[in-house]
């Protein structure tokens, strides 16, 4: 019997062919509740000093608040959270876009999941030698104002040489076409990385324009709470605005191999301390 989280040959074949894989009931209802309850506590203690996050406008990636979030638990507001008067239009807990990017290191509840046997076994199946979580995000996709995430590849932002980023997207609520589930182009990871975000002394830029994608090629990845979506670093994926009346909470981890793969000094995310590996061969 395979260890918990391990992938079968059939699952590995599907992932290799399509660039994504949905694992049903990866986390228990108790694990999901623990993470959601913990985030509610973190938000309750949040003093409101954050920044706005948008994938359409990357100006926020140029500021110090964003850069420092690499090793902090930082709060980012939705673009549409504020009125013309500069005040929140809804309660604080309904105004946050995401919390990142070091929950997996600094919070015991999220660290327990991130360093758990299921996650480690999954990356052992993918033949990672020394995997490490490089960033973590709790994403809210708030009702009515949950922002669009434009088509992208994770390796654009989290590049190693050779490329090694794999994303884990854990649904903490049911994700449907109505409330902003993930969409992906099956097999698009085979076309290679199209562009990179480059960080210099105090700025960021893309080395190539954003490609144009045919929306008809995307398929919805509707999942239940507790399901996990595994995402190849070159897979083209996106999510639309959440215009519904229900949120779509999710936890996102991005994992790289730290053995035989060099973290780019041009990535926006630069750490003072190397990330702790999930395991070492």
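Even glycines carry a Cβ here, placed using N, Cα and C.
What Swiss-Prot records for 98, 137, 152, 153, 154, 169, 239, 248 is 2-oxoglutarate binding site. Neighbour list (residue 248 (2-oxoglutarate binding site), Cβ cut-off 8 Å, at least 6 residues apart, same chain): 139, 140, 141, 146, 171, 173, 174, 175, 176, 179, 180, 181, 242.
Marked as Fe cation binding site by Swiss-Prot on the basis of similarity to another entry: 152, 154, 237.
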Top Cα neighbour of residue 237 (Fe cation binding site) in the set of binding-site residues 98, 153, 169: 153
